[in-house]
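First comes the structure, then the notes that go with it.
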Amino acid sequence: MSLGLVGRKVGMTRIFTDDGDSIPVTVVEVGDNRVTQIKTDETDGYTAVQVTFGARRASRVTKPLAGHLAKAGVEAGEIIREFRIDAAKAAELQTGGSLSVDLFEVGQKIDVQGVTIGKGYAGTIKRYHFASGRATHGNSRSHNVPGSIGMAQDPGRVFPGKRMTGHLGDVTRTVQNLEIAKIDAERKLLLVKGAIPGSKNGKVIVTPAVKAKAKA
């Protein structure tokens, strides 16, 4: 896994390219990723960097975590995440330092992970795009029901994984191969072409794309 950043989804807007095209972009604030720990093969069995993002009141931090952050000399954040890196990259970082937008460049392909918007309890039409039943012609009470969910005596049960009504959204999802359209280094913003998971102010993880294709 490559070194990435934790950020906050600010919202969406549109920008104009040099060719005059208007493209939709998502604004992601990725400033002040503070390094809380650097893990190595010798001490932890693997190499990684641990970072925190955002701000949290001291009264809302547990004593073990407060001690961990105090040892690193950083302020408490809303979220802590790890990025697996190689030993050479880990040697360039130091506890108490910070990471910012200079990890990325305009035109680079990235993967963005976030928690999707929760929709609550949803029916099969909204959840799985089932077709509605007939409005008339003998259909009186089965307009938006899923229909048959299995056979009768044999096998006499509903198979696991059957698509039915249930909770929709509020799950972790990753959108791959998004393009960085613009970088505002002064305000520590990434403008990502297209949409990313989550609601406004939701936390996201931005990493270099794992499936990026080399330019011809």
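Cβ from N, Cα, C; glycine included.
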I'm validating the feature mapping. Which of 134-153, 154-173 is tagged region 'Disordered' in Swiss-Prot? 134-153
Please list residues from the chain of Gln153 (N5-methylglutamine) whose Cβ is under 8 angstroms from its Cβ, counting only those at least six apart in sequence. none
Could you pull out which residues elsewhere in the chain have a CB under 8 Å from any CB of the region 'Disordered' (134-153), counting only those six or more residues past its ends? 123-125, 159, 162-165
Within the region 'Disordered' (134-153), how many residues are helix, strand or coil going by DSSP? 0 helix, 0 strand, 20 coil
